[in-house]
Amino acid sequence: GKEIPGQASLVFDVALLDLHNPKDGVAVEKQHVPEPCERRSQAGDFLRYHYNGTLLDGTLFDSSYARNRTYDTYVGKGYVIAGMDEGLLGVCIGEKRRITIPPHLGYGEEGRGKIPGSAVLIFDIHVVDFHNPSDSVGITVTYKPSNCSVLSKKGDYLKYHYNASLLDGTLLDSTLSLGKTYNIVLGSGQVVVGMDMGLQDMCVGERRRVVIPPHLGYGEEGVEGEVPGSAVLVFDIELLELVSGLPEGYMFVWNGEVSANLFEEIDQNHDGEVLLDEFSEYIQAQVDSGKGKLAPGFDFEKIVRNMFSNQDRDGNGKVTAEEFKLKDQEAKEEHDEL
């Protein structure tokens with residue numbers, strides 16, 4: 001045409017950006033593999049990882065580090081580009097690897113955003129953790145006392161120390177740094193489901209490592225500023241004290257025989273009606289004298305108020321002799337309950 005004369009010699013100064021062959025597959029370079037690696041990722045797992053994404057000439061096009069948040073996704077199920085789906089299989093928790101993805105397994109001829117068409121992509125990734133939605137709580141006993149006959153069960157009041165961390169070792173919380181134990185009633189919903197499971201059948205003095213997947217922990221949302229979303233949690237626990245709870249469904253039991261004239265004893269002014277104050281004073285006296293026991297770990301006033309409302313069947317704030325019933329009059333149990 002007009003720009004290139006006939007018989008002209010041409011000079012091209014070329015900077016090679018990248019190259020690939022349509023037959024190329026994903027290339028994986030393992031840069032750091034933790035030991036031991038107890039489990040490797042497989043299709044269907046949910047991974048949390050950090051990455052830097054560059055072109056072959058080193059141009060950075062994306063980084064999870066810049067957002068200060070991991071990229072979280074299922075692998076092997078088509079949620080990410082085909083090359084990344086393949087490159088994230090078989091990784092260990094804490095592993096660092098470089099994944100090189102040809103365009104036909106990346107963003108193709110058209111590219112996307114800052115990624116040119118037909119570009120070869122390089123992802124430097126660091127796997128923070130992964131789990132499978134079918135995972136349950138993992139429990140490893142690290143120390144068990146020789147006398148381990150009394151085991152924790154639902155309803156028991158427990159006092160324990162813990163260190164909470166992520167799978168990469170990042171410390172989240174510790175009762176040891178606060179100088180006080182964490183106290184709960186087991187199975188009452190005061191902790192995440194995974195912790196309730198991890199504290200079952202434990203004896204005083206025992207130490208455990210409890211690994212909790214997010215669906216049994218703080219889920220996809222996490223706790224803002226404290227626990228990342230979809231994080232696997234690790235709790236190192238030592239049980240320090242166990243107070244046996246009451247049979248399921250009971251908030252108060254008698255330690256001995258129940259008085260045949262129980263209502264009359266509670267009705268201190270003998271007017272045929274029991275008010276909340278009278279009821280509360282009587283229960284407190286039974287507990288103080290050792291004749292009765294309240295479920296450990298709960299607020300006394302809330303328990304008594306609940307017991308009273310169960311007896312106040314018409315809801316008028318008074319309990320009459322006709323309303324008053326012991327639990328064994330409604331269902332046969334080992335202990336009586338007001």
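A Cβ is built for glycine as well, from the same backbone N, Cα and C atoms used for every other residue.
Source: prediction; values computed, not measured.
Note on the domain 'PPIase FKBP-type' (44-131): its mean pLDDT in the predicted model is 95. The annotation domain 'PPIase FKBP-type' is assigned in TrEMBL to 44-131 (among others).
According to TrEMBL, the feature domain 'PPIase FKBP-type' maps to 155-243 (among others).
Taken from TrEMBL, the feature domain 'EF-hand' applies to 254-289 (among others).
Per TrEMBL, the feature domain 'EF-hand' maps to 299-334 (among others).
According to TrEMBL, the feature region 'Disordered' maps to 311-338.
Applying DSSP to the domain 'PPIase FKBP-type' (44-131) sorts its residues as follows: 13 helix, 37 strand, 38 coil. In terms of DSSP secondary structure, the domain 'PPIase FKBP-type' (155-243) contains 13 helix, 37 strand, 39 coil.
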